[in-house]
Amino acid sequence: MLWIAVLSALGGLLLLALGGELLVRGAVGLARRLGLSNLLIALTVVAFATSMPELVVTVAAALSDKPDLGLGNIVGSNITNSLLIVGAAGLIAALPPAAGLSRRDAPSLLGVTLLFLLLAFFTAPLAWPQGLLLLGLMGVYLVGCYRQECRVPDGDAVNEVAELSEEAPARLDAALGLTALGCAALAFGAQLLVDGSIDLARAAGISDAAIGLTLVAFGTSLPELATSITAALRRHPDVVLGNVIGSNLFNLLAIGGVLCLPGKVPIAAEFRRFDLWVLAGCTVVLVLLLRRGRPIGRVASLLLILAYAGFLWAQFGDEARLAAAVAGH
């Protein structure tokens, strides 16, 4: 039934948000107990933990033989990050681009997005060779980040972890408990969200890809949205763009790589026709905003949010037109 599917999807979203928060706090507490530096925690523990919702949902979709849902989650999350999250945070406070972002991370994101598009258009169906390539590039990027942060030990990532460490549990058993609860909530929430989304798509006559690009992508981007809005409210807007670019890179390289490992991932016609081009456009716009050297203000932020609304309208408007055409025949 439709209402059961809606409740399942909403329950999954809530569990993902809760699980992500618990996992970040618990993992940071564990890392501090193990004596890891703020730098290493920022580049590994926090980056991995905040992207766990996308990862577990993508894995659950792959195991449910729904690759369109997993691919839609990856592409949709990057579109959501670039348009909605940057736009929402930019309405609260102007977002100044750090020098390191425009010099290293923005070109990296542009190059990785181009590679992902080339793989999708010319080597589909994607499989383990492409997956290993993407995961290998993720490792190369992390090494580069580590070396860069070592040269700038008081960077934004390190300062952000210092604030997280103050909120993390000091006792080992409490940190272990939060980590375990977070992992359990993520796993259960991901399965609920995937099952509910599949049922919702069937009941409403919407494709798995459209659900992945919209509902699932928005849900798995909630941790980044909450983190970015909090950073803007706390007058740390420089953290927002770093989080978005880091999340987008992780989605394409790490999560995209994991999606390709179990088996072949076909690229549906609707991705080739529209969504991958939107991903490319969002990435180019974000990189241009960073490279111009001026803060992203309220006008640009409002335009980004309107662009995201247009993307949603295009998704569901296209699905509605398709359903009407099918019904007419």
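Placed from the backbone N, Cα and C atoms, the Cβ positions cover glycine too.
Over in TrEMBL, the protein carries these features:
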{"type": "DOMAIN", "residues": "6-145", "note": "domain 'Sodium/calcium exchanger membrane region'"}
{"type": "DOMAIN", "residues": "176-316", "note": "domain 'Sodium/calcium exchanger membrane region'"}
{"type": "TRANSMEM", "residues": "6-24", "note": "transmembrane segment"}
{"type": "TRANSMEM", "residues": "36-63", "note": "transmembrane segment"}
{"type": "TRANSMEM", "residues": "83-102", "note": "transmembrane segment"}
{"type": "TRANSMEM", "residues": "109-128", "note": "transmembrane segment"}
{"type": "TRANSMEM", "residues": "174-193", "note": "transmembrane segment"}
{"type": "TRANSMEM", "residues": "200-220", "note": "transmembrane segment"}
{"type": "TRANSMEM", "residues": "240-262", "note": "transmembrane segment"}
{"type": "TRANSMEM", "residues": "274-290", "note": "transmembrane segment"}
{"type": "TRANSMEM", "residues": "296-314", "note": "transmembrane segment"}
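In this chain, the transmembrane segment (109-128) lies apart from the transmembrane segment (296-314): fewer than three C-beta pairs between them fall below 8 angstroms, excluding pairs fewer than 6 positions apart. Pairs of Cβ atoms less than 8 Å apart link the transmembrane segment (174-193) most often to 6-24, out of 6-24, 83-102, 240-262, 296-314. As a quick check, the transmembrane segment (274-290) and the transmembrane segment (83-102) clear the bar of 3 or more Cβ pairs under 8 A, pairs 6 or more apart, so the two touch. Away from its own ends, the transmembrane segment (296-314) comes close to residues 79-80, 82-84, 86-91, 94-95, 97, 214, 241, 274, 278, 282, 285, 289 of its chain (Cβ-Cβ under 8 Å, at least six residues beyond either end). Per DSSP, the secondary structure of the domain 'Sodium/calcium exchanger membrane region' (176-316) breaks down as 119 helix, 2 strand, 20 coil. Beyond its flanks by at least six residues, the transmembrane segment (83-102) meets 148, 152, 155-156, 218, 221, 224-225, 228-229, 231-233, 235, 237-238, 240-242, 244-245, 282, 286, 289-291, 293, 295-298, 300-305, 307-308, 311 of its own chain at Cβ-Cβ distances under 8 Å. Helix, strand and coil content of the domain 'Sodium/calcium exchanger membrane region' (6-145), in residues and according to DSSP, is 121 helix, 2 strand, 17 coil.
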